[in-house]
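As given in Swiss-Prot:
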- 1-36: topological domain 'Cytoplasmic' (TOPO_DOM)
- 58-63: topological domain 'Extracellular' (TOPO_DOM)
- 85-93: topological domain 'Cytoplasmic' (TOPO_DOM)
- 113-120: topological domain 'Extracellular' (TOPO_DOM)
- 142-160: topological domain 'Cytoplasmic' (TOPO_DOM)
- 181-189: topological domain 'Extracellular' (TOPO_DOM)
- 208-261: topological domain 'Cytoplasmic' (TOPO_DOM)
- 283-287: topological domain 'Extracellular' (TOPO_DOM)
- 309-321: topological domain 'Cytoplasmic' (TOPO_DOM)
- 342-346: topological domain 'Extracellular' (TOPO_DOM)
- 369-387: topological domain 'Cytoplasmic' (TOPO_DOM)
- 410-414: topological domain 'Extracellular' (TOPO_DOM)
- 436-444: topological domain 'Cytoplasmic' (TOPO_DOM)
- 37-57: transmembrane segment (TRANSMEM)
- 64-84: transmembrane segment (TRANSMEM)
- 94-112: transmembrane segment (TRANSMEM)
- 121-141: transmembrane segment (TRANSMEM)
- 161-180: transmembrane segment (TRANSMEM)
- 190-207: transmembrane segment (TRANSMEM)
- 262-282: transmembrane segment (TRANSMEM)
- 288-308: transmembrane segment (TRANSMEM)
- 322-341: transmembrane segment (TRANSMEM)
- 347-368: transmembrane segment (TRANSMEM)
- 388-409: transmembrane segment (TRANSMEM)
- 415-435: transmembrane segment (TRANSMEM)
Amino acid sequence: MLNIFKPAPHIERLDDSKMDAAYKRLRLQVFIGIFIGYAGYYLLRKNFAFAIPYLQEQGFSKTELGLVLAAVSIAYGFSKFIMGMVSDRCNPRYFLATGLFLSAIVNILFVSMPWVTSSVTIMFIFMFINGWFQGMGWPPCGRTMAHWFSISERGTKMSIWNVAHNIGGGILAPLVTLGIAMFVTWKSVFFFPAIIAIIISFLIVLLVRDTPQSCGLPPIEEYRNDYPKHAFKNQEKELTTKEILFQYVLNNKFLWYIAFANVFVYFVRYGVVDWAPTYLTEAKGFSPEDSRWSYFLYEYAGIPGTILCGWISDRFFKSRRAPAGVLFMAGVFIAVLVYWLNPAGNPLVDNIALISIGFLIYGPVMLIGLQAIDLAPKKAAGTAAGLTGFFGYIGGSAFANAIMGFVVDRFNWNGGFIMLISSCILAIVFLALTWNTGKRAEHV
């Protein structure tokens with residue numbers, strides 16, 4: 001491992017007179033760093049979808065391009081788990097920045113060499129590599145949150161950070177439009193967001209810090225006098241990969257429950273959003289332009305919903321994440337039913353249902369990652385979150401992309417929505433199995 005990636009060493013503590021001001025300043029600085037950084041990752045995760053119409057003009061089919069699109073999700077799922085283990089033994093300041101920088105380079109190379117976009121196989125390989133580097137984003141952010149924010153405030157703070165998903169994903173469409181207008185080529189779908197991402201990668205290095213102790217500050221639990229009821233022993237000790245995997249992650253049944261819950265939450269998330277333009281135009285009579293606006297509203301509805309969900313889990317459920325997740329998934333169940341059963345010709349109801357799904361679904365998405373952090377020691381936070389992410393993207397996102405299309409082709413939209421409704425129910429069941437975990441949970 002290169003020295004630059006090693007966890008930053010602890011240094012001598014600051015004087016008590018300087019500690020409070022330094023802690024407040026650095027917490028805000030680090031939070032801004034991982035917020036901007038993760039939003040930057042999203043600029044390079046969904047941009048391929050905007051290139052599909054242009055690549056179709058070159059003779060590629062939807063099936064071929066859908067396979068390339070799935071490469072990102074497949075690679076991301078594996079990478080989030082594997083790179084999560086690596087990130088637990090790395091300095092997130094450089095790990096997060098490196099992943100974004102390398103993802104940007106892949107995007108630039110994708111359109112810099114004409115032979116890349118001449119073959120589905122080569123495009124798949126490049127997007128797989130891009131997805132792998134994308135997996136270096138969430139785990140170091142999760143590790144950073146675990147070190148700089150204590151458990152009783154983490155739900156609210158994490159929900160605010162999670163809005164970076166929506167900011168990065170939502171701003172991509174206008175950035176793509178601007179890039180095409182400026183450079184007069186569809187290839188700007190890749191290189192224009194990549195240039196911005198490279199700039200962001202340097203901002204990450206400027207803003208993010210590893211642990212409070214590496215800045216001369218006490219652990220966050222000591223600073224806020226906010227200790228988990230059943231804290232892990234020696235949680236500031238660096239752990240080996242074997243200890244992380246076999247002592248704290250793979251043998252924790254609650255992590256497995258939320259990993260399975262994540263499969264069904266992600267299936268609903270991507271089964272709705274990735275197919276919304278097609279469903280609205282084919283089944284509900286929307287124009288393509290109107291369906292894009294509906295997509296935009298779906299994404300940005302997730303911002304207040306995510307923040308509210310995190311706040312509820314802290315304020316009303318005392319840092320237990322499952323009750324809030326169950327509550328929001330029950331709401332998703334109702335909204336998906338309305339979205340499905342509302343007759344064509346009622347666009348207002350369709351949009352309200354879609355906005356409601358967006359408002360509600362991102363809360364459970366955020367809470368599962370947060371709950372994984374809560375259920376593991378701080379030094380195993382990246383691996384724990386990586387396990388749930390692996391299940392979400394391999395079992396949920398990639399499955400939604402591939403299976404939804406297959407089912408709709410053979411059983412029409414009713415078949416697809418039966419799968420979405422079933423996924424809502426199964427997500428609720430698996431979340432309910434972790435009802436009392438979180439602040440009150442004991443390690444199993």
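The backbone N, Cα and C atoms fix where each Cβ goes, glycine too.
The stretch from 37-57, 64-84, 161-180, 262-282, 415-435 that makes the most Cβ contacts under 8 Å with the transmembrane segment (322-341) is 415-435. Using a cut-off of 8 Å between Cβ atoms, the transmembrane segment (415-435) and the transmembrane segment (94-112) share fewer than three residue pairs, counting only pairs 6 or more apart in sequence. If you look at the transmembrane segment (288-308) against the transmembrane segment (161-180), you find at least three C-beta pairs under 8 angstroms, all six or more positions apart, and that counts as contact.
Among 37-57, 94-112, 262-282, 347-368, 37-57 has the largest number of CB pairs under 8 A with the transmembrane segment (64-84). Counting C-beta pairs under 8 angstroms (sequence separation of 6 or more), the transmembrane segment (121-141) fails to reach the transmembrane segment (262-282), with fewer than 3 such pairs. Comparison of 94-112, 161-180, 262-282, 388-409 by number of C-beta pairs under 8 angstroms to the transmembrane segment (347-368) places 262-282 first. Counting same-chain residues at least six beyond the ends of the topological domain 'Cytoplasmic' (85-93), those with a Cβ under 8 angstroms from any Cβ of the stretch are 1, 4-8, 34, 136, 139-141, 143-144, 204-205, 208-210, 238-239, 241, 244-245, 379-383, 386. In terms of C-beta pairs under 8 Å, the stretch of 94-112, 161-180, 190-207, 388-409 lying closest in packing to the transmembrane segment (37-57) is 161-180.
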